[in-house]
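> Quick one: this structure, given as structure tokens, is what I'll be asking you about.
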Amino acid sequence: MAVYVVDHPLVKHKLGRLRQHDVPVSEFRAIANELCRLLAYEATKDLETEKVSVQGWAGPVEVDQIKGKKITAVPILRAGLGMLDGFLDMIPGAKVSVVGMFRNEETLEPVQYYTKLAKNIDERMAVILDPMLATGGTLDATIDLLKNAGCPQIKGLFLVAAPEGLKRIVDKHPDVDIYVAAVDERLNEHGYILPGLGDAGDKIFGTK
């Protein structure tokens with residue numbers, strides 16, 4: 001497994017805006033999707049391409065196209081939906097799989113309540129979308145679910161991650177690559193990321 005922190009001035013600037021307590025819901029949504037586009041760009045650098053011939057304005061021309069890689073986006077409900085449009089802007093042909101989980105606030109462990117995976121998941125690269133990687137419990141459970149379904153390759157895109165959650169995933173899933181805009185300082189006693197973004201789901205959906 002590799003952890004890729006996308007070190008770019010645009011990423012830093014946009015993430016800094018998300019950290020501001022009074023950012024409007026509409027702006028939070030827009031920036032979350034902008035950051036997801038930048039993360040998706042980095043996460044797909046290793047896709048193979050092949051030459052194909054197309055009809056250009058002056059006749060046939062050889063162009064590059066992605067070679068036979070089927071992709072499914074996997075937003076984790078509900079906050080992951082706030083990154084989905086950005087991902088599909090970059091990869092409009094991707095299928096969408098949905099995993100519904102919430103974190104038990106007492107045990108901090110995930111509780112699964114809904115799953116709908118794309119057909120032929122065993123032939124697809126899955127890209128998990130979630131703004132926050134905190135304890136790693138939800139991501140761990142989602143990776144297990146995808147692996148049990150036969151998914152051959154898994155990556156994850158996150159806006160911020162805590163070192164504790166990253167360690168959990170690195171230790172258990174060394175074959176999964178993680179792309180993140182920032183690795184924050186730590187978790188607090190309630191399992192929230194510091195400095196973090198606050199409740200990303202509430203900020204995306206305007207429920208608080």
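Residue numbers in this text run from 1 along the chain shown.
Yeah, the Cβs are placed from backbone N, Cα and C, and that goes for glycine too.
Pasting the relevant annotations from Swiss-Prot:
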BINDING   Arg78, Arg103, Asp130, Pro131, Met132, Leu133, Ala134, Thr135, Gly136, Gly137, Thr138, Asp199  5-phospho-alpha-D-ribose 1-diphosphate binding site
BINDING   Ile193, Gly198, Asp199, Ala200  uracil binding site
> Express in Å, rounded to the nearest integer, the largest CA to CA distance found among the 5-phospho-alpha-D-ribose 1-diphosphate-binding residues Arg78, Arg103, Asp130, Pro131, Met132, Leu133, Ala134, Thr135, Gly136, Gly137, Thr138, Asp199 named in the record.
17
> I need the nearest neighbour of Asp199 (uracil binding site) among the binding-site residues Arg78, Met132, Ala134, using C-alpha distances.
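That would be Met132, the closest of Arg78, Met132, Ala134 to Asp199 (uracil binding site).
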> Using DSSP and collapsing to three states, where does Ile193 (uracil binding site) fall: helix, strand or coil?
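Strand, per DSSP.
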> What is the interatomic distance between the Cα atoms of Ile193 (uracil binding site) and Met132 (5-phospho-alpha-D-ribose 1-diphosphate binding site), given in whole Å?
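The Cα atom of Ile193 (uracil binding site) is 8 Å away from the Cα atom of Met132 (5-phospho-alpha-D-ribose 1-diphosphate binding site).
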> Can you tell which of Asp130, Asp199 has the most other C-beta atoms within 10 Å, given these are the binding-site residues?
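The largest 10 Å Cβ neighbour count belongs to Asp130.
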> Closest to Gly198 (uracil binding site): which of the binding-site residues Asp130, Gly136, Thr138, going by Cα position?
Asp130
> A 10 Å Cβ contact count, applied to the binding-site residues Arg78, Gly136, Thr138, Ile193: which residue has the minimum?
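With the binding-site residues Arg78, Gly136, Thr138, Ile193, fewest surrounding Cβ atoms within 10 Å: Arg78.
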> Return only the integer: C-alpha distance in Å from Asp130 (5-phospho-alpha-D-ribose 1-diphosphate binding site) to Ala200 (uracil binding site).
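So the alpha carbons of Asp130 (5-phospho-alpha-D-ribose 1-diphosphate binding site) and Ala200 (uracil binding site) sit roughly 9 Å from each other.
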> Cα-Cα separation of Thr138 (5-phospho-alpha-D-ribose 1-diphosphate binding site) and Ala200 (uracil binding site), in Å?
15
